[in-house]
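What follows is a set of notes on a single structure, which appears directly below.
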Amino acid sequence: MNQTAINRADVRTRFIFDDMPVRGLHVRLENVWQHIVKQKNYPAAIRRALGELLAAGVLLSGNLKNEGTLIVQVQGQGRLKMLVAEATSDRTVRATARWDETAEIADDESLGDLLGEGGVFVLTLQPKDGEPWQGVVPLEGDGIAQMLVNYMKRSEQLDTHIVLSASDEAAGGLLVQRLPEEVLDEEAWEHVSTLARTLTAEELAGLDAQHVLYRLFHETPPRVFEPETFEFSCTCSRGKVSDMLLMLGGEEVGGVVVEQGSIEVDCDFCHSKYVFDETDVNALFGEDVVGVAKGLPRHTVQ
């Protein structure tokens, strides 16, 4: 269901250095982030990792060349099963996590410990027009930021530095990157990336772009572009759930309705509930699939 939460503090800000081929993005999400964390009772360690991934998704979506959706996922076999964040070219976001809710999770646990062995990072591009693209790589690095830096260096072969942070109040991120096909003095890049490394998690989550960029680069100030506002919006719908049920097939869906009386599907992102009873399911498939599951003769329904 299309739910929206808007705040002018939920912005992404682009910047570029005129005297060196380096670009950057800053993001700070406040109301959007608070809206997301209210959907579930996230353990602190998972909440922090999800906020960092959300900020990372908004940063990376700044480089989308076509209209569409960028999806970043972290998947594992441990107590944390999945983190996922989506950011669109329309500047909407959503995010959620799945984990073993019976397991004990300490506030300071690392992402690697939560994911266990065999963790992977998945980046998916879903253009509005054209075929989707997906990249899957093993997790490399301690934390979301280092994992993304390693991924981008491997895939784009561009020097990149990323800082991410998430508190109860806000999620934030900073990305600085060499411009492609441009020559940059190693000392100049080291200077910029070293300054970026001095940014603390508290500053990133608590300060807006103007204060962050001044704090880091006041001696060589970048050119800053107009901020872009983001909002929470969930794209779930009854129609999409119907399509999913059709893919499962009438035999399986009819059997579930016989056993449970109806099918209820909850959206992981916004907690909207979609209920399909016997009448709904039969109308969806155009035949009495529930009756067939009960052993009755097959017949169509109008």
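Each Cβ is built from the backbone N, Cα and C atoms, and glycine gets one as well.
As recorded in Swiss-Prot, the features of this protein are as follows:
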type	residues	note
DISULFID	CYS234-CYS236	disulfide bond
DISULFID	CYS267-CYS270	disulfide bond
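Positions of Swiss-Prot features highlighted on the structure.
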residue	record	CB count, 10 Å
CYS234	disulfide bond	21
CYS236	disulfide bond	20
CYS267	disulfide bond	20
CYS270	disulfide bond	19
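Taking the Cα atom of each, CYS270 (disulfide bond) and CYS234 (disulfide bond) are about 7 angstrom apart. Of the recorded residues, CYS234 (disulfide bond) and CYS267 (disulfide bond) place their C-alpha atoms 9 Å from one another. DSSP assigns CYS267 (disulfide bond) to coil, not to a helix or a strand.
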